[in-house]
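Going by Swiss-Prot, these are the annotated features:
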type	residues	note
SIGNAL	1-22	signal peptide
DOMAIN	31-253	domain 'Peptidase S1'
ACT_SITE	His71	active site, charge relay system
ACT_SITE	Asp116	active site, charge relay system
SITE	Asp204	site 'Required for specificity'
ACT_SITE	Ser210	active site, charge relay system
Amino acid sequence: MLKFVILLSAVACALGGTIPEGLLPQLDGRIVGGTATTISSFPWQISLQRSGSHSCGGSIYTDRVIVTAAHCLQSVSTSSLQIRAGSSYWNSGGVTVKVSSFKNHEGYSARTMVNDIAVIRLSSSLSFSSTIKSISLASSNPPNGAAASVSGWGTQSSGSNSIPSQLQYVNVNIVSQSRCASSTYGYGSDIRDTMICAAASGKDACQGDSGGPLVSGGVLVGVVSWGQGCAYSNYPGVYASVADLRAWVVRNA
């Protein structure tokens, strides 16, 4: 899912992250193999913006707290950040709210991408509606093969510079942590305890979808984190596992 190839290392460096073993986090992009959708189908989705431009995705946890990826918030000032909620378009509609503070997981590592989760506190509360809703955190990981969806405004191909204005989504299937780390796929020991994977042929999240929601069974099960390319065969998208990091989110929200 959110994946850069090595040629995009300059982008990651510009955004303040280091790259784990040639596998890059996605910082600006589109859903690969996806379909345009509306925010009413994914009302917990927000666009995290730096200086008014889409940077990453995120999920509404409470009316004042957003869950996103820690790698989205490296070397960035709070004053440059805002979120847009309640719109199918990252650049218009809905509401924009300034960020008052954020906290990255203390155990986050840009080298290994372990604990890639963060919470954002908003300067004012969101008003919930049909297009702005919170989503519950998973308390356990879904089984291997479970149906899931991922949404965002990320690039639609690996290495692309352009992003769509309208929200995109793809349906994927969960790949359990143990299976994702097995010889079936190409990651091996790069898959850690706080990660979960998802895949579908020709479909994935990509640059710019980072921090966005992986949803299964109506709850947030993953946060778009990293991967090898976008929709590359043998390399599922890798997500921060919300069930494994739930206690940290609740404690810091």
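If you go along the chain as it appears here, the first residue is 1 and each next one adds 1.
The backbone N, Cα and C atoms fix where each Cβ goes, and this holds for glycine too.
Swiss-Prot feature annotations superimposed on the structure.
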residue	record	DSSP (3 states)
His71	active site, charge relay system	helix
Asp116	active site, charge relay system	coil
Ser210	active site, charge relay system	coil
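Between the alpha carbons (Cα) of Asp116 (active site, charge relay system) and His71 (active site, charge relay system) lies a span of roughly 6 Å. Within 10 Å of the C-beta of His71 (active site, charge relay system) we count 32 further C-beta atoms, all protein chains included. Just so you know, the Cβ of Ser210 (active site, charge relay system) picks up 34 other Cβ atoms within 10 Å once every protein chain is counted. The number of other Cβ atoms within 10 Å of the Cβ belonging to Asp116 (active site, charge relay system), over all protein chains shown, comes to 33. When the Cα atoms are compared, Ser210 (active site, charge relay system) and His71 (active site, charge relay system) turn out to be 8 Å apart. Taking the domain 'Peptidase S1' (31-253) as a whole, pLDDT averages 92 in the prediction.
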